[in-house]
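Here the structure is laid out as structure tokens; the discussion comes afterwards.
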Amino acid sequence: MIQLQNTFIFIALTIFTSASTTSLKNETKPLNTISTLAAQTNISNPEEDLFDTNGAPKSDTVNASTTTDRHKIPRWVNEQKMQKRLHAEPAGNTVQFRCAVQGARPITVDWYKDGEPIKKNGRLGGYKFRQRNQQISLESVIMSDRAKYMCVAHNKYGSINHTYELDVVARIPIPPVLSADGMKNQTVKVGSTVTFRCRIVYSDAHPHVEWLKYNVNVTVLKRAGINTTDAEMEKLTLKNVSFADAGEYTCLAGNSIGVSHVSAWLTVLPVVDENDVWTEEIPQDTHYLIYIFGVVCFIILLAFIVYMCNSRYQNKDPPRLIPIENPDNIPPMSKMEEPVMLFGNEQAWRRMCLPHADHIEINIQPDLQWELKREDILLHERIDEGFFGQVFRADLIRCAGGRKEKVDAAVKMLKSTRTEKDMLDLLTEMDQMKRVGKHKNIVNLLGVCTQNGILWLVTEYAQKGNLRDYLRRNRPSELQYELSTPDSPAPPRDEPLTLRALMSASHQVARGMEYLSQKKCIHRDLAARNVLVANDFVMKIADFGLARDIRSNDYYRKETRGHLPYKWMALEAMTDNMFTHATDVWSFGILLWEIFSLGGSPYPGVKTHDLVRFLRNGDRLEQPQFASSELYRLMRDCWEESPRRRPQFRQLVEDLDRMLASSSSLEYIDLNSPCEADYLPSDVDSNEDTESRDSANATGEDSDSVFEPIDGHGAHAYEVDEAGPLLNPQPDANIVCNGHARMQSDV
């Protein structure tokens, strides 16, 4: 039935099996029959139609006898296009979400971000709504736009909803990457056709491409326009070339980050008539003359190079030597290697070797900005040692304001059991600490001693030792596992621990790691044993022996053999030897677990060779006793298998700052609470613990070893499990309880 009311035509949704006569009538008088109409059911697209599904204007009502209730309830249009719920978009892109809906009018569509109603100006750049709120647009998305977006459509008959999830991926700030396969020098004859190809391998932002020719002047041959495609711009074809076409051709590609280019030469030869070709045999004597002339020129050039090298060497002052003494007179290695290498940003050259004498000599040029005099440093007792390094407490005499002052310091140096690699690691640590600079929550470098003696690194001194021992030392009495030998008294406890203190320690370490990430430095060995506790409960990140500079790339791939903290490493670091800021975030999650377990050992009972399978199965460390559910969720976020889904240190600082502000300074750890966690020590060792200690003793390591030797391809040379007690019940008498900064290979 078709009716005309208020100048609008209403078409009742009726199915006719055959043609029928349709009449029109006005509000005042009937009209004549005008046509024969075969009606069919048709649902219009609500994104383009200004009328509802029954053909009525929004202000009119529908006859209930012509539409069933199920057509009145809101329902989605093209629901198959809404199946993709997770959208990963690069930062800076425009994102659109659509919820096309139909049903009885009026229908209201509301949008929510993580459960909160979306306001039009609720983000930088605002939200844009189109098609009666059925489409939302986010221009130039940023990291804070990561969320779940839900559209809710409802009318008086019911409501439906649909949720999209947006993941914003940070862009890689590099210019376009070009392939030079198609840009090779070519030599052709006049009249030939030449093709140069310039393939863009990668460009985060859309690149702009131009083709240039360099001869006497630069000529723009081809430029991308509005209607050109990428395939057209990647190819330059020259037909019927002439001598004027010879020269250098360049493909220039640029984006908002920078410009890249590849070039090739075109040489054009004349067409030679075969009838004009003639050859003249070169006399045999001429061959001999050319050969002799070449040999003489080579000898003269070689003599000139030797003369210039000798002249430059004689004009330079001889480098000073640093003897690395061997006080224990351990026999040197029988094989001598003398590689020549350039170290870091130092303007110096060094020759590394293991000679047949009892010392190693390194040629190094002093850095006047950091060089200290040995007579200004007074060494005291040894406060920590490992396999290849040791740390002494010292007094540093410095001049400030015209008068001398004494500063507490820690001096790190190598032991007699060192190797060339240990020396290189110590030099790398020195170079990293110089480059990183100063921050409240990292151990700052005070200076170095590279001349007239063994190599010293002079750093700040933390009076309360490392964080792991501090937490264990201040556990409630019934959980205390004393850090002492049977003949020595237990170390004194500092002060009762509060949950706010644990939260403050976590927040400070996150701030220090945020600073290192801004400096493009990955730590690779973040753990409670490498965080020092200074006065006023100030946390300082230490041990840059494994730290690496990633200013040129956003990652570091380990290619050599060496020891790594296996149970603190991210999954991709274990399997692919790939280290990024995201792997440091994983290690920070383990550090949080250590803090709120009061110095517990991670993955108790899990063998290192089973750890990868354990993590790939989705298993993670259990919630520690003193961590809240919110904090444990933060740990689990740090242990996401995909590095892109882990939070950044900036976000971790914000979250921990909020948690710290809401925590109470009077909330002490419950001294009477029972604790039966697997990560705390037990009076009776399991068989697994015994095997771990036996293995450790056989290799010269204690049972609390955390490093695994890894080769360049991720294979394990051997295994040391950490399922044993927190500390060796009979530690070396030279190791005191307030352990300080450790070397890379120390345990």
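Glycine is treated like the rest: Cβ placed from N, Cα and C.
Swiss-Prot lists C99-C151, C198-C251 with the feature disulfide bond, giving sequence analysis as the kind of evidence. Annotated domain 'Ig-like C2-type 1' per Swiss-Prot: 74-167, in sequence order. The annotation domain 'Ig-like C2-type 2' is assigned in Swiss-Prot to 175-267. Feature annotation from Swiss-Prot assigns domain 'Protein kinase' to 377-660. Sequence annotations record features per position, and here Swiss-Prot assigns N-linked glycosylation site to N26, N42, N63, N161, N185, N217, N227, N240 based on sequence analysis. Positions annotated as region 'Disordered' by Swiss-Prot: 47-68, 679-731. The topological domain 'Extracellular' feature in Swiss-Prot is assigned to 25-288; the stated evidence is sequence analysis.
Swiss-Prot feature annotations superimposed on the structure.
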residue : record                      : Cβ neighbours (10 Å)
C99     : disulfide bond              : 24
C151    : disulfide bond              : 25
N161    : N-linked glycosylation site : 13
N185    : N-linked glycosylation site : 11
C198    : disulfide bond              : 27
N240    : N-linked glycosylation site : 10
C251    : disulfide bond              : 27
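The closest partner of N185 (N-linked glycosylation site) among the recorded positions, by CA position, is C198; the full candidate set was C99, C151, N161, C198, N240. Break the domain 'Ig-like C2-type 1' (74-167) down by DSSP state and the numbers are 7 helix, 48 strand, 39 coil. Within 10 Å of N161 (N-linked glycosylation site), as judged by C-alpha distances, the recorded positions found are C99, C151; the full candidate list was C99, C151, C198, N240, C251. Mean pLDDT across the domain 'Ig-like C2-type 1' (74-167) comes to 90 in this model. Between the CA atoms of N240 (N-linked glycosylation site) and C251 (disulfide bond) there is a gap of 21 Å, rounded to the nearest whole number. Distance between Cα atoms for C99 (disulfide bond) and C251 (disulfide bond): 44 Å, as a whole number.
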